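Below you'll find the structure, written out as C-alpha cells, and then a few comments.
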Amino acid sequence: MGALTISAKYLIELGFEVQGTVDKPDIIGALFSQTEGLLGSDLDLRELQNTSRIGRIEVEVEHRGDKTVGKVYVPSNLDHYETALIAAMLETVDRVGPYNAKFQVNSIKDLRSEKRKLIIDRAKELIKLIERETIPDTKELMDKFLGEVKQGEVVSYGPEGLPAGPDVESSDTVIIVEGRADVVNLIKHGYRNVIAIEGASGGIPKTVIELSRRKTTIAFTDGDRGGEMILRELLKVADIDYIARAPPGKEVEQLTAKEIAKALRNKIPVEEYINQLSKKDRQIIEESKKQIEQAQVQPSAAPTSPQPQPESTQPTQPIQQVQVTQQTQVIEVPAQTQGQVQVTTMQQSTQQTPQLPTSVVDEINKLSGTLEAIIYDKNWTVLKRVPVRDLLDTLQQVNDAYAIVFDGVGTQRLVDAAVGKGIKMLIMTRIGNIAKVPSDMVILTFNDIINK
C-alpha cells in the first residue's frame, strides 16, 4: 500500500470479491460510479477527494482462477460519523464491470491513536535518558546507600570469577574496566554490561579475551598513567572496538553518572587511538596481535611420519572485524537466470564481483524513504515485505531467508539476528555501529549498488 495523506484521521479497509477477472482501475471506477449521489453532493466521493477530505484510494488485487479478490484502503479526514457513512456506502457496491461483486468493511483505524502510541513510547525512552544523565539533589544524599545496595548485583563471571554486571552475557556490547570498584560504580549508575580484568594472575584474563572476540567491546580505563598501561596491555591480546577514558587524574570508580555518560559518549574507535601512539608502541601492539593470530591458525606440530589428511581441513570462519575498504574473500551471490546487473561490494573482492537481479536493483531504487524492508530467499523471491520497525520480530518467523534489503541503518543487533537465521546478505541505506560480522556475510549500502 502506498503512503497515506499525512492529515488523514481514519483509514477504511474493505475486502472484496469479484466473480470475474478485473484490475485496479475497474475497482476504483466501480466505487466512484456506483456511489455517485447516494448521500448527496456533500458526501460524494469525487467531491470529497477534490477538497482533500478523502485521500487517494489504494487497491490491492489478487487473481484466483476466474475470480478477483483483494483489499481497498480509503484514507478519510472526515469526522467519525461521516467516515462510518462513507464506509457503509462503499459496501453497497455490488458490481464491477459485468461481474457481480461483494465489498465488506474489515476495519476503520484511527490513525491518530497510532500516532499517540508512538508519542507515548518515545516519551518513555526520553524519560530513561533524563533519569540516566540527570542526578536530582535528593539522589546525591543517597549515593552511599545505593552503592551498598548495588554491590549485591555484582556477579562472578567466567572460570576466573571476574567481577561483572548481570547483563554481560546477554548484552551485545561489553564495557571492560580495571577493578571491582569500577564495576560497582557503573552498575550503580545503570550500566549492567560491565566486567573487570582483575582477579586473575598472568595478565589479561582469558575470559575477557574470549568476550572481546564475540561482542562489541569498550575499554574504559582510569585517566592516569596506570590506566594507559593497562589499556596497552589489553590491546595486545584482546579485540577491542572502542576506547573510553576517565577525565585526566580521575578513576572510573570516582565518576558521577554525568561523567560516565560523557566519557562513553566520547569514546573513539580503537584504530584512532592506536594512530595516536608512538611508532614504537604501535609496532609492539601490532606484533603482539600478529603472534596471537598466527598461534590461532597455526596447526599443531606435524608427526615424524606421513599421516593421512581428511578431505576438508578448513576450520569454521571466526567472527571478524568489519573492514569497509578491503576484502579478500570470494563471494558468490545467487542470481536469476535473466536480467542481472553487476555491482561492487563495499568490500572489494579480488577474484569476482557479486551480481544482483535487476528486479532487486529496481526495488532498491524504490525503497529509499519508505522505511520498508524486503526479505528474499536464495532465488531472490520475496518472502516478506514489512516496515523496518517490525524487521527483527519478523525475522524470527521467517525460514529459508537469504538476503534482506531495507531502508534503514544497519546495527550489530540486526547482524546478530540475521546470522541466527542463516542470512548471507544485508543491503541497507547506511551502515551504523556494526563492529563484527561473519566472514561469509556480505554487507552493502544502497550507494554501492545505485552508483554503479
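Here the Cβ of each residue, glycine as well, is placed from N, Cα and C on the backbone.
Record features, source Swiss-Prot:
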DOMAIN    172-248  domain 'Toprim'
BINDING   Glu178, Asp222  Mg(2+) 1 binding site
BINDING   Asp222, Asp224  Mg(2+) 2 binding site
REGION    289-320  region 'Disordered'
COMPBIAS  294-320  compositional bias 'Low complexity'
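A map of Swiss-Prot features onto the structure.
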| residue | record | Cβ within 10 Å |
| --- | --- | --- |
| Glu178 | Mg(2+) 1 binding site | 22 |
| Asp222 | Mg(2+) 1 binding site | 25 |
| Asp224 | Mg(2+) 2 binding site | 14 |
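Taken residue by residue, the domain 'Toprim' (172-248) breaks down under DSSP into 31 helix, 18 strand, 28 coil. Looking only at the domain 'Toprim' (172-248), the predicted model's pLDDT averages out at 87. Looking at Asp224 (Mg(2+) 2 binding site) and Glu178 (Mg(2+) 1 binding site), their Cα atoms lie 12 Å from each other.
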